[in-house]
Amino acid sequence: MTKVEEIVSHLPIQPLDEPIPVGQLYFPDWCDYEQAMRGIFEREYYNNNGPLVTALESQLENFLNVKHAICVSNATHGLMIAAQAMELTGKVILPAHTFIASAQSLLWCGLTPVFCDVQKDGHHIDSTKLEALITDDVSAIMAVNLWGGAADIDALEKIASKHDIKLYFDSAQAFGCEYQGKKVGGFGDLEVFSLHATKVLSAGEGGLICTNNDELANKIRSIRPSYGNFEKVAIEKVANSRMSEAQAAVALLNLKSYKDYQRNNENIYNLYSKRLSSIPGISIVNPEGVTLSNFQSLVCSVDEEKFGCSRDDLLNILKHFSVLARRYFYPGVHKTVDFEHYGYKLPNTDRLSNVAIQLPIGAQVEKDVVNFICDVIAQTHEKSLCHG
Ligand code: T4K
């Protein structure tokens, strides 16, 4: 019997009836969506910057307090368009503790990612290690805002300005977060959000590029584009990354309920935090660097020695009980096939990829589900001590 089988066989708990995913899955009321879809069918206007996309962009500009909010098909395309619009060249510095899309967007644009480690006690890019990586061929820093937290934006802005390079944010996970009381969205040259189904503000699939720079916004729009004006399109590389009216309908309805979603997430987070704080070896990651979090993700670290079993064993035990926790991000992007041959040494990133576990948070996570998950974790700890 493996250790996992041994522990599972001693836990007096029945699995959940339905598997529970890690993601958010906040979706609007069906009747409201049906009504919105009927409007689209009646107008017979389904795509190419229709009235719902236009309304969404304008509402997002107000919500985020930015001059330009430009909807695109998803954040991966958003990051590709961003790099193209800023005319980046050579190398771009970013963390390896991120979703693969951050680095892939650079490869698509013929750019070379340079990976910087994350902070010793955090999940964001270590600004103190950045300057040593800035060479003549570095054209930008792409910081990534993770788990409902934010990077050290002040320090990053100072470094980018000192070296006269671009600074932009992969804020795929950061919609609605506030840094020093100001909504994330208007920092650096631009920011890119994801409106994927698993994000706190969802369009089902979608993305958003925000900037306060008019010239950059024009470029982004012509790379996205909405077509119709072929003369203008011909001067830019085009990505065809439009958002459809159906996607905008979901996002518009979700935006109306965003504050409720955020509050619901915060309550779930608080309950997890209370329950998990008494389990040795489990530390919840508090949203870093923000004055307001969207609680996009619930991430913990597992100290194997104190907890009694490894992160991966815990993951398998949770899976047995239908809790589909994840080990985001494993491995760090620098260890994936495209990049492992560079031999990057990123000790903090490597440590996180071995201890971090993401637990379910979002619409489908009721209070009793949180208690169930915490019971499994607490009892796993107790049984691990007996079956170590
Ligand atoms: N930068 C960062 C820092 C990011 O985190 C992301 C995406 C991006 C860039 C790129 O953004 P997009 O191009 O996607 O807009 C998921 C999400 O797909 C991805 O958006 C997210 N970050 C990433 C962290 O997580 P996967 O491949 O792990 O997702 P998937 O499809 O396995 O879904 C996660 C869980 O949710 C599963 O247990 C299944 C469940 N699920 C998912 C969907 C889509 C559902 O129950 N229903 C659903 O409809 O990437």
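Cβ coordinates are placed from backbone N, Cα and C, and glycine is handled just like the others.
Here is what TrEMBL says about this protein:
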type: MOD_RES; residues: K199; note: N6-(pyridoxal phosphate)lysine
type: ACT_SITE; residues: K199; note: active site, proton acceptor
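Sequence-distant neighbours of the residue listed as 'N6-(pyridoxal phosphate)lysine' (same chain, 6+ residues apart, CB-CB distance under 8 A): Q24, A172, Q173, F175, F193, Q296. Classification of the residue listed as 'N6-(pyridoxal phosphate)lysine' by DSSP places it in coil, neither helical nor stranded.
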